[in-house]
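S.K.: For reference, the structure I am asking about is given below.
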Amino acid sequence: MKHNFGAGPCILPKEVFQEAAQAVIDFNNTGLSILEISHRSKDFEAVISETERLVRELLNVPQGYSILFLQGGASTQFAMVPLNLLPEGGKAAYFDTGVWATKAAKEAKKIGQVEVVASSSDRNYTYIPKNITVPSDAAYFHYTTNNTIYGTEVFDIPQSAVPVVADMSSDILSREINVADYGLIYAGAQKNMGPAGVTLVIVKDELLGKTGRTLPSIFDYDSHIKGGSMYNTPPVYSIYVSMLNLRWLKAKGGISVIEQENIVKARTLYDEIDRNSLFKGTAEVEDRSRMNVTFVMNNPELEGAFLDLAKERGHIGLKGHRSVGGFRASIYNALSISSVNALVDTMQEFEEKYK
Ligand SMILES: *Cc1c(COP(=O)(O)O)cnc(C)c1O
């Protein structure tokens, strides 16, 4: 039995893998593989519209927002956001809470003026700065809701008089949000929504078309909106598997139900980290992520031995990101509480041996 704590691409429910595998052989009893059907076929139109409906329903997306399924990952959004929302001569505000946030700001700087409103780089991004001030003359304010590498999460949306843009790659669909609080949300699917290859964008239509910039069509949200995410060939299979995962989430009871499970999983693991004499958390307690749990050992020399034992017990993907070290247990939606309990058991077994 494997317990996949990898940070992304992520674990998905077993029944999603099974149905996705079946569709590669025979999709909907068509006698064709999902991999060979036309994206203009009725069968795929049904898939993409159901995927969009499920996103709208699960996240309670209000009127006036378009939903897009794009390629190029969250990293492409680092450029598309300023290209589409930052007017010529204008400026954008960015919140620097980690590597992904820094990368987003760096790309925006190539397109216009960027003001970094606050940064936690002084303590290697182990906390979320509070009471920040967003300049009212910015075109938008960008932040990363969950810092995948450092294990910090922003639970309260920062005060901002200007439209808020959020990179939700690693906590989308993990907890309830109010979409109306945002001008634009984007998320690479492969952390919590589906497989790699598709990126979700939810954008408030009224924000578009105001930059005075002429864009290549492929980088223009408007072409994708007009084309119903089929301006060009969409990532058919990634959208299909995301749809299966969204169906799974809906059948479970939706986001309010998964959020409660995520709270219990995170609490279980942090409680053990705080109790166990060998381990300690790296993120500020109040900013601890419910998706990526980062921790180290009081004696770093034991880290190799713990990884060996974890491997023996079937725990995959626990090694921390190189910029933090130690361990990172990613406990996304599809990771069950039994996998968290298995990790806790392994930590206790290790403590017995080495304390
Ligand atoms: C993984 C990650 C990204 C990068 O996503 P790609 O799809 O690989 O471009 C961006 N932001 C966050 C918060 C991430 O976790």
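In case you wondered, yes, glycine gets a Cβ from its N, Cα and C as well.
Sharing the feature lines straight out of TrEMBL:
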BINDING   Arg40  L-glutamate binding site
BINDING   Ala74, Ser75, Trp100, Thr148, Asp167, Gln190, Asn232, Thr233  pyridoxal 5'-phosphate binding site
DOMAIN    4-343  domain 'Aminotransferase class V'
MOD_RES   Lys191  N6-(pyridoxal phosphate)lysine
S.K.: Could you list the residues of the same chain, at least six apart in sequence, whose Cβ is under 8 A from the Cβ of Asp167 (pyridoxal 5'-phosphate binding site)?
M.R.: Ala74, Gln77, Trp100, Ala101, Ala104, His142, Tyr143, Thr144, Thr145, Tyr186, Ala187
S.K.: Given Asn232 (pyridoxal 5'-phosphate binding site) and the residue listed as 'N6-(pyridoxal phosphate)lysine', what distance in Å do their CA atoms have, once rounded to a whole number?
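M.R.: The Cα atom of Asn232 (pyridoxal 5'-phosphate binding site) is 24 Å away from the Cα atom of the residue listed as 'N6-(pyridoxal phosphate)lysine'.
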S.K.: Counting only other Cβ atoms and using a 10 Å cut-off, which of the recorded positions Arg40, Lys191 scores lowest?
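M.R.: Selected from the recorded positions Arg40, Lys191 on minimum Cβ neighbours within 10 Å: Arg40.
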S.K.: Among Thr148, Gln190, Lys191, these being the recorded positions, pick the one whose CA is nearest to that of the residue listed as 'L-glutamate binding site'.
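M.R.: The answer is Gln190.
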S.K.: Among the binding-site residues listed here (Ser75, Thr148, Thr233), which has the Cα closest to the Cα of the residue listed as 'N6-(pyridoxal phosphate)lysine'?
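M.R.: Given the candidates Ser75, Thr148, Thr233, the nearest one is Thr148.
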S.K.: Given the binding-site residues Ser75, Thr148, which one has the fewest other C-beta atoms within 10 angstroms of its C-beta?
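M.R.: Taking Ser75, Thr148 as the binding-site residues, the minimal 10 Å Cβ count falls on Ser75.
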S.K.: Can you tell me which of Arg40, Trp100, Thr148, Asn232, Thr233, our binding-site residues, come within under 6 Å of ligand 1 at the Cβ?
M.R.: Trp100, Thr148
S.K.: With a 10 Å radius around each C-beta, find which of these binding-site residues (Gln190, Asn232, Thr233) has the fewest other C-beta atoms nearby.
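M.R.: Selected from the binding-site residues Gln190, Asn232, Thr233 on minimum Cβ neighbours within 10 Å: Thr233.
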S.K.: Neighbour count, 10 Å Cβ-Cβ cut-off, for Ala74 (pyridoxal 5'-phosphate binding site): what number do you get?
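M.R.: Step by step: centre on the Cβ of Ala74 (pyridoxal 5'-phosphate binding site), count other Cβ atoms within 10 Å, giving 23.
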S.K.: When DSSP is mapped onto helix/strand/coil, what comes out for Trp100 (pyridoxal 5'-phosphate binding site)?
M.R.: helix
S.K.: Would you mind checking how many other C-beta atoms are within 10 angstroms of the C-beta on Trp100 (pyridoxal 5'-phosphate binding site)?
M.R.: 21
S.K.: For the pyridoxal 5'-phosphate site as recorded (Ala74, Ser75, Trp100, Thr148, Asp167, Gln190, Asn232, Thr233), determine the largest distance between any two Cα atoms, in Å, rounded to the nearest integer.
M.R.: 30
